[in-house]
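Everything on this sheet refers to the single structure shown next.
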């Protein structure tokens, strides 16, 4: 043994070949600060070996290196810029030393090599991979850019276009694509990986492969003519501006950095990467996006713990076909859980099967599946007008019309047709679960399972615990949702549960703005362009359906009369009374016409202004700041109330539900992260300016208390240790 650290070791093989093996405690390898330091110590040893002829890098884990240790990021990002820059310089000196070894080097890459893992293997001369490879640089999704030389080596290895596509989008690619673009040099079966890598290494050692020529382009300026460079970087900047926009500075910073470094050698280019990385790491956007990553890990770990003692449902059923039922059936079947889809109407069953077939055909068109797979999946969806097959299902989700009487009747009837241990769930969006459970003989086997539309795209499933719901029922439904590829978040019962309960105060803020003379177009523009929502409130209402919102608003008002009962006729009422239901009938705040792809495209409709004039004060202008405050305060206050009342268990789960269920702008990190970024005291000052608007603007007592003590909702992270200490960790 030449060297042994906590996360890697170095040993001799034969013929002067050394083997550096990543083998951290736990299930995965991460390129954390300690591992970077340990890699440096291993290189200290290697550089002294006069008989070294070649170096193999490999992993003892199922994945090579899954990336940096994201849990370290928040503390690293709090250190002063100069200190962070010094540590990056140290880390890059380690990878440069690996790249500059006077012998050929190869990485045997299995499974994941992401972020720092990818940057590590880029420093070796050759890369041999297994078919399960996922390799790439996802840093821009975390609000930063590659910091261990990825923005320097990848363009010089692949060419500007392929590298820009991976780095700017934060992409990873599979084995076939990596081989095609030159990111790896070969793909072999897992059992042949080590021997295959050693064979390539010996070819390089024997002179059959020119490893020095392979290494040289990574040390030199990017080989691009002025015209090629202008085209590549202009196109990349245009694409980034279109997709990322101003709220996500990392992708455009990465592109500009690669462009500026294109005519520089490795050392000078790394200096530019360092200078670009450090300011990004100190942005609110980076903290928010890293926070989302950590919250996502927390939510998934919680679901895994919750389901460890239950068996994932093997057969499921959906009550109610149509678009929603068909979407749920597709998602279950697509992920390997056969499903019975029942309705009382042939027409609805046809609609549900058509929806499932349409989604599968899209997968076929994209090359994700072949015709055989399509036929196999669709055959696991059994449409029926009867209860045939219900005796073998483990879980049933009801997705019929949002009417408590209808839902109760359907659920009670279904309960009599299934096994005593079968779990029933309702896809209701607002009706309290305990109310629906009142007609059931086994309420402990019943819970809410709120999917979001479109089911195949929206990651969130709210799992709602009623008064009598058992832990086993919750665990089974969470297991099914996880199997379907969704992110389940468990919430307690109340009207609207969590997501809709906090959405309708936001809509109420919008209605009050329109009542006071705001133009809905301006409000939408501000909330989209300035705050960052994917849709403004008017557009969102049109997509949800004005009739759906009108009904849900009444349910929420009955549930929370003190805050959500309004004493005036609003824009939603006016449009509803005029039969303008949004996209579903082509008329809402906008008029809709299908484009060439069959997607509804919004157009101005002057008739709306005269309709809204009856429920509004004369038009007046509002500042962007006032629009954002009046829209967001009601939502944030309600989010805080949900935490205080135990409807949602933690700030992390609340923020993930908002991001995954409503499209809350990820660069804000969710309501609690946004609150912490603003500061509770500053938020209280802002909210108090609008408390005259009514109870929705009254800040909850717990938040007032936080403001008094200047406390945050997330645990406060301490800055990382000084860079000198990090070096020798």
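From the backbone N, Cα and C atoms, a Cβ is placed for every residue, glycine too.
Record note: Swiss-Prot gives 500, 660 as substrate-binding, and the candidate from 296, 309, 343 in that site is 296. NAD(+) binds 324, 343, 400, 401, 402, 407, 429 as Swiss-Prot records it, and from the list 295, 361, 453 the residue named for this site is 453. Neighbour counts of Cβ atoms within 10 Å were taken for the binding-site residues 429, 453, 500; the minimum is at 453. Cα of residue 407 (NAD(+) binding site) to Cα of residue 450 (active site, for 3-hydroxyacyl-CoA dehydrogenase activity): a distance of 14 Å. For the recorded positions shown (119, 139, 343, 402), fewest C-beta neighbours within 10 angstroms: 402.
Taking Cα separation as the measure, residue 119 (site 'Important for catalytic activity') is nearest to 429 of the binding-site residues 343, 400, 401, 402, 429. Sequence-distant contacts (6 or more apart, same chain, Cβ under 8 Å) of residue 660 (substrate binding site) comprise 458, 459, 460, 487. Per-residue pLDDT, averaged across the region 'Enoyl-CoA hydratase/isomerase' (1-189), gives 97. Among the record's substrate binders, 296, 500, 660, no two C-alpha atoms are more than 21 Å apart, and one pair sits at exactly that spread.
A Cα-Cα distance of 23 Å separates residue 429 (NAD(+) binding site) from residue 296 (substrate binding site).
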